[in-house]
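Quick look at what TrEMBL lists:
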type: ACT_SITE; residues: 115; note: active site, pros-phosphohistidine intermediate
type: BINDING; residues: 9, 57, 85, 91, 102, 112; note: ATP binding site
type: DOMAIN; residues: 1-138; note: domain 'Nucleoside diphosphate kinase-like'
Ligand code: CMP
C-alpha cells in the first residue's frame with residue numbers, strides 16, 4: 001500500500017491543528033503508519049528541502065521549519081500521495097480551494113500549515129529522513 005510523508009509544520013502545531021489534520025486523513029480511510037513530534041535541525045531541514053536550495057525563499061523556509069516542533073506522519077493507503085496532496089490543497093493558500101486543509105486554515109505560502117510528499121519517489125526519500133524502518137507499522 002502506498003505511503004506518503006506529511007509534516008504538520010510549526011504553524012499548524014501552534015494553531016492546534018494536529019488532531020484536525022490527522023482526523024481528516026483517518027476519516028477519509030487512510031491509515032497512520034508512523035507518527036512523531038520533533039524540532040528539525042537546520043541540517044535536517046536542508047536535507048528534506050534539498051530540491052529548493054538556491055531558491056530565494058530557501059533560507060526563510062529553513063528558518064520557519066526549524067522554528068518549533070512539528071509533527072511528522074507516515075500516511076498509508078491506496079494512492080496516498082495524490083489523495084493527501086488533494087486534501088492539502090494548492091501550495092499557495094491563495095489558490096487552495098475551501099474544504100482543503102490549506103484552504104480552510106492557511107493564508108500565506110510561507111506559513112502554509114502542512115507539507116506532503118509530491119511523488120512516490122519523494123515519499124520514500126522523505127520518510128527515510130524522519131523514520132527508521134522499525135518506526136513504521138504497515139496497516
Ligand atoms: P512545502 O510543500 O512544504 O514545500 C516547499 C515549501 O516552500 C512550500 O510548501 C512553501 O511553504 C514554501 N515556500 C515559500 N515560498 C515559496 C514559493 N515562492 N514557492 C514555492 N514554495 C514556497
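Our numbering is plain: 1 for the first residue shown, then up by one each step along the chain.
Using the three backbone atoms N, Cα and C, a Cβ is placed for every residue, glycine included.
Neighbour density around each Cβ, counted as other Cβ atoms within 10 Å, peaks among the binding-site residues 91, 112 at 112.
For the domain 'Nucleoside diphosphate kinase-like' (1-138), the model's pLDDT averages out at 97. Other C-beta atoms found within 10 angstroms of the C-beta of residue 57 (ATP binding site) number 12, with every protein chain shown included. Listed in sequence order, the binding-site residues among 9, 57, 85 whose CB lies under 6 angstroms from an atom of ligand 1 come out as 57. Counting only the Cα atoms, the space from residue 102 (ATP binding site) to the residue listed as 'active site, pros-phosphohistidine intermediate' is about 10 angstrom. Sorted by the number of other CB atoms within 10 A, the recorded positions 85, 115 start with 85, the lowest.
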